[in-house]
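A short worksheet on the structure shown next.
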Amino acid sequence: MRIVLVGPPGAGKGTQATRLAETLHIPHISTGDLFRANISQQTELGKLAKSYMDAGNLVPDEVTIAMDRTAWSSPTPRAFLLDGFPRNVSQAEALDELLETEDMKLDAVLDLEAPEDEVVKRIAGRRVCRNDSAHVFHVTYTPPKKEGVCDVCGGELYQRDDDSEETVRKRLEVYHTQTEPIIDYYKSQGLVATIAATGP
């Protein structure tokens, strides 16, 4: 099964992708995780991506595609769940071309929908462990036992630069103008299923 997961920032794509990948026993390829790993390792691609992410802008196609290609094993996996890619029609077309060279097609595009105010609340309240970015808390929904301290490893919790309310609103604006059009692109292929992503 080959699935693309789309939705605004804060809709729960990462959480749902992890659950789906485990249930379906397919690899989960997260562009956001690739970006953060490259930023943490201070690679040239990571530094470039960070400058765009901190401003709330989409990372340019050539940078995104370069990072995503590093995540694909050789040969291309026959089944996968993509989270965070494609983010615009140009990337969707590039993905279709790549899959076509491997004699594959997407099976489904899952569109997670969430109200904008809920998205802002979710993201602005998120806190991440400096020691392990997989340890994520929320000041309202899943607060740590001790403020600012990771329950799992005792590491410091912090708010990512791209999680401030101002940056979140900018990211939503970018999502509406650049990413939402891929939903129509995939609807024309009969691939889209819309899922309400409400609640914490």
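Including glycine, each Cβ sits where the backbone N, Cα and C put it.
According to Swiss-Prot:
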BINDING   Gly10, Ala11, Gly12, Lys13, Gly14, Thr15, Arg126, Val136, Phe137  ATP binding site
BINDING   Thr31, Arg36, Asn57, Leu58, Val59, Gly84, Phe85, Pro86, Arg87, Gln91, Arg160, Arg171  AMP binding site
REGION    30-59  region 'NMP'
REGION    125-163  region 'LID'
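Cα distances from Phe85 (AMP binding site) to the binding-site residues Gly10, Gly12, Gly14, Arg126, Phe137 are smallest for Gly14. You'll find the Cα of Val59 (AMP binding site) roughly 17 Å from the Cα of Gly10 (ATP binding site). Long-range Cβ neighbours of Arg160 (AMP binding site) (same chain, at least 6 residues apart, Cβ-Cβ under 8 Å): Arg126, Val128. The average pLDDT computed for the region 'NMP' (30-59) is 86. Long-range contacts of the region 'LID' (125-163) within the same chain: residues 33, 36, 40, 53-54, 56, 171, 200, each at least 6 residues beyond the stretch ends and with a Cβ under 8 Å from a Cβ of the stretch. Considering only the residues assigned to AMP binding, Thr31, Arg36, Asn57, Leu58, Val59, Gly84, Phe85, Pro86, Arg87, Gln91, Arg160, Arg171, the longest pairwise Cα distance works out to 26 Å.
Distance from the CA of Asn57 (AMP binding site) to the CA of Phe137 (ATP binding site) is 24 Å.
Counting Cβ atoms from all protein chains shown, Phe85 (AMP binding site) has 23 others lying within 10 Å of its own Cβ.
Here ATP is bound by Gly10, Ala11, Gly12, Lys13, Gly14, Thr15, Arg126, Val136, Phe137 per the record. The longest Cα to Cα distance in that group is 16 Å. Summary for the binding-site residues Gly10, Gly12, Gly14: the Cβ-based neighbour count within 10 Å is maximal at Gly10.
The two recorded residues, Thr31 (AMP binding site) and Gly10 (ATP binding site), show a Cα separation of 15 Å. DSSP assigns Thr31 (AMP binding site) to a helix.
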